[in-house]
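Engineer: There's a structure below that I have some questions on.
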Amino acid sequence: MELNLNQVDYLQVGVTSQKTMKLLPTVGRKATQKVAVADHDGVVTCFGMKKGEAVPVFKSLPGQKISRLELGGALGTPQEKIFVSLGSEVRGYTKKGKQFLTFEANLTESINAMHVSGADLFVCASYIYNHYCDCKDQDYYLSGDKINDVLCLPVETVGRIVPILACQDRVLRVLQGSDLQYDVEVPGPPTVLELLNRDGGKGGEEVLYGTADGKLGLVQIAKSGPITSWELDNEKKKGGVLCIDTFDIVGDGVKDILVGRDDGTVEVYGLDSSNEPTLRFENVLSESVTSIQGGCVGKEMYDEVLTTTYTGWVSGLTTEPQQMVAGPGDEIKMSRETQGKVAALRAELEQLQVKVLQGREKYQQSSQSSTAVSAVPVFSINDKFTLCQDDASYSLTLEVQTAIDNLLLQSDVPIDLLDVDKNSAVVSFSECDTESNGNFLLATYRCQANTTRLELKVRSIEGQYGTLQAYVTPRLQPKTCQVRQYQIKPLSLHQRTHAIDQERPMNTLRLTGQFSFAEIHSWVVFCLPEVPEKTPAGDSITFYFQNTFLGTQLEATYCKGEANFKSDNISTISILKDVLSKEATKRKINLNISYEVNEDSVSHTLRMIHPKLEYQLILARKVQLIDALKELQVHEGNADFLIPEYRSILDESALLLEEYKKQPAHLERLYGMITDLFIDKFKFKGQNVKTKVSQLLAILNNYELDSLMEFFSEA
């Protein structure tokens with residue numbers, strides 16, 4: 001079924017965090033709902049719509065940045081009390097704006113996730129979960145990785161308190177009191193949790209989750225264990241999920257799933273007869289969607305999807321048809337109401353332009369006086385640097401609350417910049433003098449007017465580590481710039497996973513020495529992405545990783561004084577050995593290093609590289625032929641005389657060129673991996689085979705898997 005929704009902007013507040021906007025419940029079905037929204041200025045704004053205008057109900061005084069907004073109230077009554085978290089404090093407001101609660105949670109860190117259920121309050125800082133009942137401490141839990149969201153199953157349906165934590169290590173942790181009841185493994189780092197139909201479905205146990213890599217799923221949190229209902233993959237490479245709601249926007253009696261993503265995509269999924277989600281509607285906003293709610297705001301009887309974006313725009317996608325009236329001769333005229341709105345906006349715009357001119361003159365006059373102090377304008381940046389599993393690259397997303405003028409990227413490690421379709425900025429490269437200043441990349445992105453969000457993709461090389469820096473300059477006067485730094489780790493293409501295949505041929509690296517658990521953990525954090533900064537609880541820990549480029553695996557087990565690493569790729573072990581011994585030397589710690597090399601692992605890794613290498617060689621060969629084939633086609637007038645293989649190359653030439661362009665240096669990278677594998681294999685035997693690299697490259701130029709394996713075993 002086609003769903004037509006039209007966008008309407010209501011008002012703009014300050015920069016917003018995830019889940020900071022809610023619709024207050026109404027008494028009658030027909031009435032419009034009030035909207036409560038909180039921002040980084042610490043202001044809670046509650047407004048309703050009257051005659052197409054946003055009319056404030058109340059506005060709180062500015063203060064600390066608000067990280068969450070939830071609705072609450074006594075169980076079984078309308079949930080119309082507004083609760084916000086700022087710093088380590090929770091405040092409560094009535095729907096009229098009277099503050100009735102100030103509760104200090106006494107946490108050392110700021111609250112980043114909160115849930116309210118009757119007299120129960122659940123709050124989470126980075127790794128700590130606390131449960132309070134009537135503001136009295138009840139339960140406490142220390143999570144193994146960062147907590148992104150918290151939810152509790154509806155007590156009135158389930159009959160007990162079941163808190164669920166969404167944690168960065170791709171796990172939902174289901175608690176019972178202060179203890180872990182069980183883990184639910186999910187396909188990506190979960191960023192948001194929501195009850196299905198806002199009440200958890202029939203048994204109150206159904207929970208929707210969204211992940212940082214854009215996946216969506218439904219899981220039943222039963223007493224005996226989790227039951228996965230469905231998982232929706234992110235095949236179209238859309239942004240990560242930031243917010244979810246369920247609401248019947250189609251009007252067919254079945255609640256739809258509303259999804260907001262960090263690339264500005266708003267989606268409506270309907271559930272088909274087999275309860276599987278199907279996409280009904282999609283709209284793309286220019287910035288990330290931090291909150292989403294279904295309800296009735298703009299006009300009675302017309303439902304809508306209400307969204308809040310990063311820079312604070314509260315907008316609706318309404319089912320109300322656009323107010324256009326067909327006049328004589330079928331020309332479209334605006335209704336009187338819309339004409340009035342346009343006139344009011346024009347008048348307001350003129351007033352603002354006058355104010356800006358006056359402000360600019362005042363600033364220029366004051367800046368010429370000897371006592372003037374130039375103030376640097378402060379602006380907020382929302383950035384994300386994440387590893388994409390599908391193409392083994394890093395996605396860097398930068399979102400600024402005002403338009404971006406330009407962005408400078410600087411890296412002291414060799415990295416490739418990849419093409420991003422959504423990116424309309426003009427990129428230019430500067431020559432780098434690697435010898436004198438250590439720069440491997442200098443690139444400038446010049447943005448078009450009104451660009452507030454930029455998405456870039458970079459691919460690193462394992463074993464080469466350092467820092468990528470982004471200098472962001474917005475269109476502000478006086479000119480100012482902010483720098484953001486991102487660590488490229490030695491094993492940058494590895495991703496955390498729940499388990500590995502123990503049947504593979506494994507190489508082992510063992511370290512012993514006078515190091516503490518915290519020290520060895522800090523070294524592992526330095527080497528590998530997706531490892532929690534905080535030292536894990538307990539005496540020892542095991543982490544599993546998978547290389548997103550090759551699919552090789554790594555197991556890391558360590559405790560005080562001992563660490564064991566296992567991998568089916570010798571190069572991974574070699575990188576770890578070099579980096580960890582360097583880190584230990586810096587701290588003057590004596591390490592005993594022993595290793596076991598499994599000969600079978602080399603041929604195993606070469607077989608894993610083989611399909612990728614073969615594919616890239618065929619692609620490169622086809623691309624080389626395109627120009628010659630096109631020339632022949634022009635010369636002969638058609639391509640009918642060509643063999644089918646060449647005809648298909650001509651037909652697919654645009655796609656082939658696009659794919660080749662998207663993957664620069666892909667072939668060189670695979671050659672580099674095979675060369676490293678060759679050198680590392682013999683390095684562990686104490687032999688230097690760098691003189692034979694030219695022979696290896698000659699074999700790669702006439703590539704055959706058998707001859708390559710033969711060369712590795714004979715060298």
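Just so it is clear, glycine is given a Cβ too, placed from its N, Cα and C backbone atoms.
Automatic prediction, not curation, is the source of TrEMBL annotations.
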Engineer: Which is it, of 83-110, 335-362, 587-614, that TrEMBL names as coiled coil?
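Structural biologist: Checked against TrEMBL: coiled coil maps to 335-362.
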Engineer: With DSSP as the yardstick, break the domain 'BBS7 platform' (494-596) down into helix, strand and coil residue counts.
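Structural biologist: Summed by class, the stretch gives 28 helix, 38 strand, 37 coil.
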Engineer: Counting by DSSP secondary structure, give me helix, strand and coil numbers for the domain 'BBS7 GAE' (377-486).
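Structural biologist: Taking the domain 'BBS7 GAE' (377-486) as a whole: 4 helix, 60 strand, 46 coil.
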Engineer: Across the whole of the domain 'BBS7 GAE' (377-486), what does the mean pLDDT come to? Round it, please.
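Structural biologist: Summing pLDDT over the domain 'BBS7 GAE' (377-486) and dividing by its length gives 89.
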Engineer: Residue counts in helix (H, G, I), strand (E, B) and coil for the domain 'BBS7 helical hairpin' (599-712), per DSSP?
Structural biologist: 93 helix, 0 strand, 21 coil
